[in-house]
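Asks: What TrEMBL shows for this protein is this:
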DOMAIN    310-437  domain 'Guanylate cyclase'
DOMAIN    941-1085  domain 'Guanylate cyclase'
TRANSMEM  71-92  transmembrane segment
TRANSMEM  99-117  transmembrane segment
TRANSMEM  123-144  transmembrane segment
TRANSMEM  156-184  transmembrane segment
TRANSMEM  214-237  transmembrane segment
TRANSMEM  680-699  transmembrane segment
TRANSMEM  705-731  transmembrane segment
TRANSMEM  752-776  transmembrane segment
TRANSMEM  788-805  transmembrane segment
TRANSMEM  812-832  transmembrane segment
TRANSMEM  852-871  transmembrane segment
Amino acid sequence: MSTTLGKNILGYELTDILNIDGGSARSSFFGRFYGGFADFAYILKLRSDLLNEFFERMSVPLKKNSFRLVIFYYSIILSTITIGMISMIPFGSYRFGGILLYCGFFLTGLLTLLTVFNISANAYAWLSIGFTSMVGLSVLIYFGTISIFLPIQNTLVILLVFIVYAHLPVSLAFSATFSFLLYISLAMLDTFKFFHGFAANQITSDLDHMDHEIPIRTASTFCFYLLIAATCLAIYLKTFISLRFKASFLRVCQAVHMNTQQRKALVEQTVWIDAVMPKKIRTKYWQMLKQHRDVDKSLWVFCETYDPVSILFSEISGFTTLLDSLSASKLLFLLNSLFAKFDNLCYNCGCERVGTLGSIYYCVSGCPTPRIDHAECCANLALLMMDVVRGMKYERQVELTLAVGIHTGNVNGALVGMDRFRFDIYSHSVLTAQKLLATCPSGHIHISSDFERLLPASFKTSPAQSITEKREVQSAVAGMKLVDTTISTHYLDVDSERLISVGSLRRSLETNGVFRLKGRVTAVNDPKSNIRQATRPRKQSSSWHKRVAAKKSEFAHIRSDPFTKTERPPASIIWNVDAYQGRRIATIREFIFGVPAENQDGISQQIENMETNVLDNEVIKELYADSEKLTSLFNPKFLNPLTLRFRDAEIEKMYKTRNENQLTPVYIDSLKLAPAFDTIFLYIYILLFTMAYITAVAKESLTEILISALSCVAAILLTLPGIILINYAIFQKSSDGSRFLETFYRLGKSKIFIELLCLAIGQLPTVEIVLFLYFISPSKLFYPKDGFVMFFGPAAILVHCLPVDSPHVVRCVASGVSTAILLLCILLFAKLGTIQRPEYAWFYDASIFQPYTLASLMSITFTWILVVFVARSNEATCRLRFFMAMEVERAAEATARAVQEYDAFIYNVVPMHVVRSLLAEGAQTLNINSVNHAALVPQVGIAFIRLTNFFNGYYREDYHSGKHAIELLNQIICMFDQRLRKPEYNDVEKLKTYNDSYMVAAGLDLHQREQNSDQATHLLKLLRFCYGLFRLIKKFNEKFILGKDNAFQLSIGVDMGSVCAGLIGSVQPYYHVIGRPADIAYLLHLTSPPGKIAVSDNVRVAMISYFRFEEAVLSNPPRTDQSYYYCV
């Protein structure tokens, strides 16, 4: 797994707060932290109003679950109030409050039934507001109508406020307004009770020593602190749960978008695959490629044997002389038109084009699709090709002739090499067909006797001169043996009857493929890859999040192409209305003078939002098409619903060790930051609780003062060092100090240490309550003592909601300990306390319970249940964030790999410098059956490298049909390709492989040549590369070949001059180079002795200051009027 977890979200680059990769534009930590808060706002805003509205629609099931949970909470609150009401004597004396409570229970059942139906998110919000207001009113009315001041009313108010903030599917504005009004109303009721002489003995037992205002102010103050603490805790939890959940949603969008791009890239790969191999073998090659995706290409090769087949080689004479009279584009256009016609003839005659080399065109019949009439197909094709070339004299006014050689035998079809590989054929039969072409006069069709025997009688032939060629024959001792064999040959009469004519072709060669020149990387941002990035930069405008006033529909600016039936969204959503139709000219002044400068920002903002919505609409459509991702977000089936553990054991292990990798970038929603934020807020919460505790306790007694001081020391001094240590370890990349600091650094990052520290801090409020109960006399403010538990108990339990990334089991146990202690305290002091009222309800035992004891127990237990649900929600959200980040990483890796492979297939056909040139000209795709690029490039070096003894010494068709020899050839060619990738050979590029030959060129990239210090630098690099191959093949022989007699040997031919290079092709584009240097270098490498580099005089003149040359004596030189040399 990569360590980059979701840096890019739909084109928006998140800030790496710790700057792990060192690539952040913000140098200082505070600058990056500020950028993190900008990311915070971006995520909560969900990038745009369009995605926000879509999220609201998709999150209705979550809102339904939250609403049901809130109903459950409210039913417990109403039950608690009911228990208190029916314990009042006389029973039933508070009818109005009772009626309100019963109405609340009725509404609870009714609203629960309503959730069965499909209700919109807005309906849930309004129902939540109405029902919450009714419950709050019930609490106020009930406690306002009784004459006793009860601590439980503050407990219920705190719990109600916490529920509203943490769980209610409403806006923060309503939650703040509701909690403010509830607190003010409660304070006014308490004040009213005190100043009208209602039974205040529940708060104070000695009013003679206190003014009425003092207990009111004291109670109001510490209740306010507790309310603020609970409110801040709920807001913190809801904010970070929402942050991580919305970040997960955006990452789902990112993953789905990248998966779509990946699928498109994979589909478009087939177009480029078809450009280098027949469609019939694409599936087999693709399966083999998947099986060996992470295996070195030199260790595997696609190779299949085809037998019998007919092989046709043809060469057009006269093209090289046209370089002096025609421009590069005209020459390539002429060559492309000829080859396009040949391709069409192949398609109609049942042949498969294999490749071209200069003016040589060769094809095969019976491969890869077997044919019984393969010989007849090739014969008819050769006759038609003759007709086409003869017709060029009248069509183009050029003198061209064609020579053809045809043979029948077996071939191995393979894709050899790492770069510029194409489907090619290898066998002794191929060499025989080449020999037939080499000995064929122009205007003739030279065929072997094996081929002639397969022809129908309608094809006329005449005898020709025999040729000598290598063939495997049966040997009594050694099995098959390679010997020189005389082959009788014939000429196929060009006037033979054609089965079809050029003017009556049944089919035309077409393709629906689109040859794109760059991969789809709209939303991929993988720093490990070299893929060109097309992501949108971080927005700098402060008003990027504002709604554009021109917005008219929920979903706008959809792409122009219509939906298919499978991807059509629900009919309730408006997709075909463009929300940004373009700004109309409002005044004559704008029409004449243009848009005022002060309006430019607004128009730019509208354009920016239009561009954002284009991608958002695409993403929304992709989400509808890939509903499984949305299901995993809103109904995470990858988690066990009971334990919240990942069902996949490997993912569970990765989650537990998520913070051990120090190279993982840290974003604002990263779980790595959760302990830092949690401990800081936990400290703030403890401070607020301690302030409330001191306000309630520290008055006159020395014991109270000492316990208050002890609470301050425990809350401020003892917990602070651990919190600082944790934050230091999280925000520090690594410990660069001594071993002592390294120990503390590891301690601060330890998950166990963080859990233990948070557990200890979380138990402080419970400890403070116990200290009060056992060491402080309640004669001043609180009597009986269980009232103090009701004031501070819920806050002491709610603190265990932190840390948010803690396992919910740990949070349940920690909060359960506090709950158990507080419940025991309530039971103990309720039993030991003195009954304050002479009357009580029928179900109370005066020897055990005080009135309201059962309600108090229910409130404390309810608080623990609330913490359990919050802890489960926290852990589920953290695990969801981790899983979605991992899914994005997987999608990013898969998409990056797909785009890399896509680009590799592009560069396998089209050189990178040609792609750059076409993209610079504005071309995004290649035009089919056209010359897409043409250039006459001067002083280009061409070299051919041949393994002289591959076919003579290693290729044996009696051993696995020669496949093992092809594997050995592939290993050598891949070795050459790897060497060519070195930076010192950046001017040299591979053009193709041809049988046992390897063709390279230097100087085709004029932009690269301009950066060289010397005009001949590219030629110097070419010769150095050729010399390096001698050393490379020597090492290969020493490592793999036994015996010097069996060692591979190279012969090399090099020439330089002007060549015509361009991108041609009918339905399969390919980069083609034609010119005298290519012809001369090809012939030189055939006649050069092994271990020598034969060069022309042009090369010698250019490189005389770098190398020594000696005159070469060649048995069959390319031209007798020129001198040739060996470069030594």
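Cβ atoms are placed via backbone N, Cα and C, with glycine included.
All annotation found in TrEMBL is predicted automatically rather than curated by experts.
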Asks: Looking only at the domain 'Guanylate cyclase' (941-1085), what is the model's average confidence as pLDDT?
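Replies: So the average pLDDT across the domain 'Guanylate cyclase' (941-1085) works out to 91.
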Asks: Looking at 156-184, 214-237, 788-805, 852-871, which one has the highest count of Cβ pairs under 8 angstroms to the transmembrane segment (812-832)?
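Replies: Answer is 852-871, with the largest number of Cβ pairs below 8 Å.
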Asks: At a C-beta cut-off of under 8 Å, are there same-chain residues at least 6 beyond the transmembrane segment (852-871) that contact it? List them, or none.
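Replies: For the transmembrane segment (852-871), the list is 69, 73, 76-77, 79-81, 83-84, 87, 150, 152, 155-156, 159, 162-163, 166, 237, 786, 789-790, 793-794, 797-798, 800-801, 806, 808, 811-812, 815-816, 819, 822-823, 826-827, 830, 844.
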Asks: Go through the chain and flag residues at least 6 beyond the ends of the transmembrane segment (156-184) whose CB is under 8 A from any CB in it; none is fine as an answer.
Replies: 63, 66-67, 69-70, 73-74, 77, 80-81, 121, 124-125, 128-129, 132-133, 135-136, 139-140, 224, 226-227, 230-231, 233-235, 237-238, 794-795, 798, 859, 862-863, 866, 870
Asks: For the transmembrane segment (705-731), give me same-chain residues lying six or more residues beyond its boundaries with a C-beta closer than 8 angstroms to one of its C-beta atoms, as numbers and ranges.
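Replies: Sequence-distant neighbours of the transmembrane segment (705-731): 17-18, 29, 672-673, 675-676, 679-680, 682-683, 686-687, 689-690, 693-694, 697-698, 744-749, 753-754, 757, 760-761, 764, 767-768, 771-772, 775-776.
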Asks: Please count the residues of the domain 'Guanylate cyclase' (941-1085) that DSSP assigns to helix (H, G, I), strand (E, B) and coil.
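Replies: Computed counts for the domain 'Guanylate cyclase' (941-1085) are 71 helix, 40 strand, 34 coil.
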